[in-house]
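Enquirer: I'd like to ask some things about the structure below.
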């Protein structure tokens, strides 16, 4: 069996079959760069970075595009508040994004298009929509998409127009220039003091939805394999992307739609508009980025995840246990009395390698990172119990390579387990303890043992001498 993806378009798991064998065209809706992103936003970036990593692990050539929305009402408002230009605000926050996302192990996309860099492409799409009767210009230079020309409008949110109107009257823009309450802006006519670009129907700026359609089409073509985003983007943003893109091309816009669930705090969605959020920049002052990443992968991406300091501490300790295993294996490999594996060690390593099959089965099932992590922790425990002092270097190195391989797919265990200077400190303490024992200063020897235990170091007396491992 291969990868199966829960497709929000059909609301069922489907076999993943890309448009072009071996290649994946993947678009993720990126941030609006008016502020530092919060940990709820980070879940999206980490989840779909991991999906990309796993697709590559399974042998696909992935073209991953994640945009920056660098012009909208919020950006204009924030730039005015700070007394800077919208482009200056965008540049500052884009650089902040790369710094903060990088701290979480999120790799840069193959392309990070900015909406303002593709104005011509957006104008061209809008003109095509006008020419085909799917859009209309109103007084003031605004252009609206005519939703009644999209016969399957609502197919992603699984509601028809009548149901949408009946259930969302408070969210509908009451603009009487619109033909239908759900017609949406493709172009916004210029207002005093706002950035604007020339267009055939008058100066202004693009609407949010057409920005993503144009950027996805520019770099991935008329039909893409996977379109991803947070679940709050399903309607209206992604619904509107589908309507306008398919009206232009006459082709399916995206074949698989993936949405990550919200991050919750105190039972409510974490949101900048509500104010119940923590920026990643602030959280990184308290926790290592790898801890944050593992926390965000600890639940299946379609399951709501609650944020708390207790859960973050639990995650920190869990990650520490994995690094302790790495450090133990590195130490055993470095101090091994022999290089080659015995037949018994080869058999044990082959048995442990079955973890790879379990990991792949978990991730093939709609990218179940929670189950994938469980496999990694099971492997870590097995390695600690079965790779003992006296093992061959090849045995320890083989176990370590397997652990790093699987964890690396999730973007974990990519740094060195412990700095060399700490290893040297531990060795010095062990030597001091040995000297104390020789001098029959058992109180001092016990004190050093307790100090090492407090550092998470367990001493083991062997025929070859004292060995140590991390608890």
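Each Cβ is built from the backbone N, Cα and C atoms, and glycine gets one as well.
I grabbed these lines from Swiss-Prot:
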| type | residues | note |
| --- | --- | --- |
| BINDING | 29, 212, 237, 241 | Zn(2+) binding site |
| MOTIF | 31-41 | motif ''HIGH' region' |
| MOTIF | 269-273 | motif ''KMSKS' region' |
| BINDING | 272 | ATP binding site |
Enquirer: For the binding-site residues listed here, 29, 212, which shows the highest count of neighbouring CB atoms within 10 A?
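Expert: Neighbour-count leader: 212.
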Enquirer: Across the motif ''HIGH' region' (31-41), what are the DSSP residue counts per state (helix, strand, coil)?
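Expert: Secondary-structure composition of the motif ''HIGH' region' (31-41): 3 helix, 2 strand, 6 coil.
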Enquirer: Looking only at Cβ atoms, how many others are within 10 Å of the one on residue 237 (Zn(2+) binding site)?
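Expert: I count 18 other Cβ atoms within 10 Å of it.
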Enquirer: Starting from the Cβ of residue 241 (Zn(2+) binding site), draw a 10 Å sphere and report how many other Cβ atoms land inside it.
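Expert: Around the Cβ of residue 241 (Zn(2+) binding site), 26 other Cβ atoms lie within 10 Å.
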Enquirer: Show, in sequence order, which residues other than 29, 212, 237, 241 on the same chain lie with their Cβ within 8 Å of the centre of the Cβ atoms of the Zn(2+) site.
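Expert: After dropping the recorded site residues, what remains is 208, 209, 211, 213, 227, 229, 233, 238, 240.
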